[in-house]
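Colleague: Would you mind keeping the following structure in view while I ask a few things?
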Amino acid sequence: MPLSYQHFRKLLLLDEGDPLEDALPRLADEDLNRRVAEGLNLQHLPVSIPWTHKVGPFSGLYSVSTLTFNPQWKTPQFPLIHLKEDLIPFIESYFGPLTSNEKRRLKLVLPARFYPKATKYFPLEKGIKPHYPNDVVNHYYQVQHYLHTLWEAGVLYKRETTHSASFFGTPYTWEHKLQHGTQPVNVQPAGILSQSSAGPPVQGQCRLSRLGQKSKQGPLATSPRHGSGGLWSRTSATPWRPSGVEFTSSGFVCHSARHPSSSINQSRQRKETNTSYSSSERHSPTSHDLEHVLLPELSSESKGQRPLLSCWWLNFKHCQPCSDHCLHHIVKLLDDWGPCQHHGHHFIRIPRTPSRITGGVFLVDKNPHNATESRLVVDFSQFSRGNTSVSWPKFAVPNLQSLTNLLSTDLSWVSLDVFAAFYHLPLHPASMPHLLVGSSGLPRYVARVSSSTNSYRNNNNNGTLQDLHANCSRHLFVSLMLLYQTYGRKLHLYSHPLIMGFRKVPMGLGLSPFLLAQFTSAICSVVRRAFPHCMAFSYMDDVVLGAKSVQHLESLLASVTTFLLALGIHLNPEKTKRWGKALNFMGYVIGGYGSLPQQHIRDKIALCFQKLPCNRPIDWKVCQRIVGLLGFVAPFTQCGYAALMPIYTCIQKHQAFTFSLVYKTFLKDQYMHLYPVARQRAGHCQVFADATPTGWGLVMGNQRMRGTFLSPLPIHTAELLAACFARCWSGAKLIGTDNAVVLSRKYTHFPWLLGCAATWILRGTCFVYVPSKLNPADDPSRGCLGLLKPLPRLLFQPSTGRTSLYAVSPPVPFHRPGRVLFASPLQPGDAWRPP
């Protein structure tokens, strides 16, 4: 028989009805719950009607949304972020000694370390994920530009050789110990011949030096090594700057110097290049030994031929165009395309790093509200699954009640935005080989994505470039012509292969959120101790400050901003928001009245119910998305999570769920009328409840009550009923009980009707645990009133979450002057402390 909505509300005790001691135990009856489920069409029976796979914006939890490429994306500009290395002494000079907990958390990131037991290496062709098949070339260049921007900002290392890397920025102490110096091992890239190398040809100057012997002639013979080996001398009179010497990922290539009066013919240069390629294939250099290629003898048989350079891009300048869309026309636009590669200001030794990657990258919109800027997505998912998975450390996430207890105060609030928060935390160089990103170069990437013949790679391995025009096409020509207006001569630089490792903590790693949460929570703990009359709280990169007046808040903001900037933390002043008394934080609006969800979440729920169909089976994957949205707001409704249990059951069984009209109306009424989650108050417990399978007992001050059930009930159900009776008849918001299930406030495993009603009755009620021997309601629950036991003095303290996110800061030592850097409107004795 169908059930009307009014009768259903009355059944759940949401409206006035029968006496509580009679109506509430009936809700635990299994037969009644079954009949109500039949009346609401919630039996979860298999249906033959086709499932609905899309409800409004929800299309299933596992459906992959199509990414949209924006050719006009702007790459964000990153400053040279350098967190102070002597962080702990610097803070102690500001605010006095730190606690051991604060020191422990700060040491985790100075530097951070990541050493997985196993790492998979992938070919460079998989460095850039092909998520935009229609914009392959544009996406490639934007990713290359983004990676170079991060490298120049000191976020990435650039792999120079198997055992060396270069970077920009200020070196840390642990990098000084591994530093090569400021002179790069290779200055002359492939295909770019030195303009200052006038003089005789280099025949006889290069000797085969595989075992580390010094060359007998030329500038390469005067570079002494350090005693430890592997470090290039910075004090040498003739540093490693050979003319026309290229160091590639596979070896060294020597090119002859170009001079107007040079007698070296171009046929020899072609043979020289081929010999260099074959030699570099046979021998891979190490960090201790340089291998110099012996140049072949001169030949005069092939005069007039152009040299075949090892640079794919520059070879188009000397070749004949194959068509109107040949890349030769683009390369001829400039006479000087610049070097094939750049080097950082500093060089360091690194562990053996192969010419491969460990994670792919691609670009997306910066956020749903900003499609003009791009964001680099790094996929290091290999460390979260399979044989290379890593067990990430767990850290506390504040729940709704803890946030409300902590932040629901009559303070004025301001939120700070930390610019590129993850890129503030330095990584040890030994972690670089596990966090590699890059690309294989333009020709190999285009050939792979377009599924064309990979002739360039094959012929390049053989030392020839006969199929130079294999990738010439109208699409590539038009794309490069348009990109030339944006990048200019950088088209050449970005067309080369690139391998980079992270110098700062990447966002795509499971370890990063833990490190950032520990770091920001330690900083806020220091701020709270320095300004005990104020409030500072952080979760990840969200930092909020609170004070009792607007003037006080502005002074606090100025002092904290100066302190953070002194630490090397960059803030985004454009995103600093002043909220007044209502703080918007983590999706909630938190004020003196309590917490409520933000308006944009309410709008999503209203749209969800508007699009939700009735009497049609909905795919359980779509139900997962719907429940994910409704579950976030469930604590603000009358019946909480218990009202969603029919949908949860279908999801667990992988069955479609059908919304009846009454059930949809019930949920819509629940979510259109929200109640704030109030802040809990400390106090002494005066009301106690206890139950047995056959009876219940209450103690309310000097008053005692007892009763019996019509039939024996499970002990947890009986304890829950006793707590509901105590809340309704005493009106107390603090109740003592000895049942752990009632204390947990998780009522989703009780009979559905009872769980919904109990959630509404016990809303806003706090529980405190009392042992059974000390529970004064234990005797009344067994039917024995007897003498009244003295009430135990139980103090309830509201929870503010785990100590890793919020810890009570010790006061400033008395022998130090006050660290408040402004005239505080509060008296020193009126120090406000978080609840």
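Using the three backbone atoms N, Cα and C, a Cβ is placed for every residue, glycine included.
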Colleague: Suppose a student reads Swiss-Prot and sees Asp541, Asp542 listed for Mg(2+). Which of Asp417, Asp603, Asp619 should they find annotated at that same site?
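Modeller: Looking at Asp417, Asp603, Asp619, the one Swiss-Prot places in the Mg(2+) site next to Asp541, Asp542 is Asp417.
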Colleague: Validating a neighbour-count step here. Other CB atoms within 10 A of the CB of Asp541 (Mg(2+) binding site): how many?
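Modeller: Within a 10 Å radius of the Cβ of Asp541 (Mg(2+) binding site) lie 18 other Cβ atoms.
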Colleague: On the three-state reduction of DSSP, what should I expect for Asp541 (Mg(2+) binding site)?
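Modeller: The residue in question, Asp541 (Mg(2+) binding site), is coil (DSSP, three-state).
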Colleague: Looking only at DSSP and grouping its letters into three states, which state does Asp417 (Mg(2+) binding site) belong to?
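Modeller: DSSP assigns Asp417 (Mg(2+) binding site) to strand.
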Colleague: When you measure from the Cβ of Asp417 (Mg(2+) binding site), how many other Cβ atoms are you left with inside 10 Å?
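Modeller: Its Cβ has 16 other Cβ atoms within 10 Å.
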Colleague: Given the recorded Mg(2+) site (Asp417, Asp541, Asp542), which additional residues of the same chain have their Cβ within 8 Å of the Cβ centre, ordered by sequence?
Modeller: Ser415, Leu416, Val418, Ala421, Ser538, Met540, Val543
Colleague: Need one number: mean pLDDT over the region 'Terminal protein domain (TP)' (1-176).
Modeller: 85
